[in-house]
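What follows is a single structure, written as structure tokens, with notes after it.
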């Protein structure tokens, strides 16, 4: 089973406008055609819903991604998947990767933290959950904070979540194990605190999808057969515990945290969960969720295991050679207990941590020798040396291993059977580990002291070493596997090194964060709150600050031009990334929950490094037509604003709406409905909204109808021009053609009334595509989404 290709899977966005249309198309069109064309080769159910996913929203294909690309019979379906994925109607994601968010039991008012979020498929899934039952023009009270340590992967995360068009998301760039605590009590006296405002950043739900060795992805990434070794999991264990404990510290009392990996190694799974329970005591409970998602095949967690290190198996920590005890910690074993008489010399810690799992020739040769010895039934021996070799990590003579395998074993006292192991041969999927934890009471001081320290300074003598170590990290691939040369180097102070499940390591970001932490320590020792704020303003190099947009003249101009109703809240909800209001290009809208976090972040000295937030709602537009309003509407923000617009709005017939999407620019006299052309010419020059009238009896209620279809256009002197990306326009054109049974004629560029490129009267930036990220998913094959 492990050597068979992984079947392709995807999930439908239940909050998208065409959710019902896509479900119908899958059931009635593609399912029947695919079963007819490829059923002989791929079985009876070529495509079917995953039985355990609620609402039949997730679908399983009986062919791999490679087969999907190469099979001519699947070409139209492949194009459908690419197009719908790009516009956000579906998300390509491995089936087991969809499981952890389901066990969070997300509610519409929850604050959720995704600690290691990139590339963003799980984050997108969380956003779907909070938006699923939202009515048009309304935002949920929930909030999602998606964090990642790597700047480049944050960009991928932003691109992925941008398809959702949400005002309830904040993307941050921090090491997960050192995610900032925003507690106003530490920065402000009680007399100046407003009880009505957010006082501390805590979360109702935490998704702790930690970095792992990734052996559960061998079906998706066959290269793992060559790269994987047991030392990878051992090297990540400490980081995984640190991230999980930080997540538990940020979790509200009564909240739920899901810990997950795409590994089957108990050192990365049950051992981490046991260590969390050991440190947190009665404050945290490992939940039994066997009754949830009953159709999901799962296996119980392990209560006993051994730890492999350099070709040897150890059942208890006492059997680990002294020179390896700094690498193989007691927490890796079921009991979590170690030798009381062992003292680790921190001066040689760095040398001891350098394991032979490095990809050098010496490490590779040693690992192969251990494998050969194991196959021959012989004990793997360590060559005698007179001192510790810092490169190979081999022991001196007095520490030479006498036995390669420990005969003693341990059993954990914790109910680790409540953890879940998903294995490939149960439901033809990848492998995953999941544990659901509930926080009953606050952690006491002894439990959190280490995590408080991690937010403080790093000793100066460690800083240079830290930057050097982090600077050598490299991303090995697009898969969610931590680079092999990184996983064994776990001696960085306070867990500053953080790859994540998707190779979350970055040279520039990591060294920058090290400097930030040192700067923060200096501030804590040096000065007043005012001085701290001044330093914080420039602390996040390369990231523009988040500024509340309060230019009343501009806001009044926008409200007046579009006739925005007073019931739509604008004050405190508009933000920008440019402090100079005269040069603001884009204005973003944030929900009340995001607004509260931003205000708290300002009060505590900008501790959160925010790389993206909000929904783009207005954009500066220069034109030759002399529009009274300098800001146009954004396509992303139109669904939210549509129910509140009373001016610059038109209602088109299906045929005229179709022509606008197909030809993009049409002169007023050339519309099929002459009255519509007259109404368009009577509008003020500038941005306007065109709503599809078809299927609605009462025009006055169209804007508040969830099924209403509208696009942003530009009214010039003689024509109406669509301001929508070609990809979004093509998708929308096909959707309305299917819904209303319209035929799409071939484009005839010679007809003067069907101008494809438009006239010179278009605005300088009339196409939304001009604002798309440089790396467009449309230029690639279907994005691999979350390689988990």
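Numbers here mean position along the shown chain, with the first residue as 1.
Quick reminder: no glycine exception, Cβ is built from N, Cα and C everywhere.
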Per TrEMBL, the range holding region 'Disordered', considering 353-412, 593-652, 653-712: 353-412
Per TrEMBL, the range holding region 'Disordered', considering 549-588, 749-788: 749-788
Count of other CB atoms lying within 10 Å of the CB belonging to residue 118 (S-adenosyl-L-methionine binding site): 29
CB contacts for residue 209 (S-adenosyl-L-methionine binding site) [other CB atoms within 10 A, all chains]: 29
Cβ-Cβ neighbours of residue 122 (S-adenosyl-L-methionine binding site) (radius 10 Å): 29
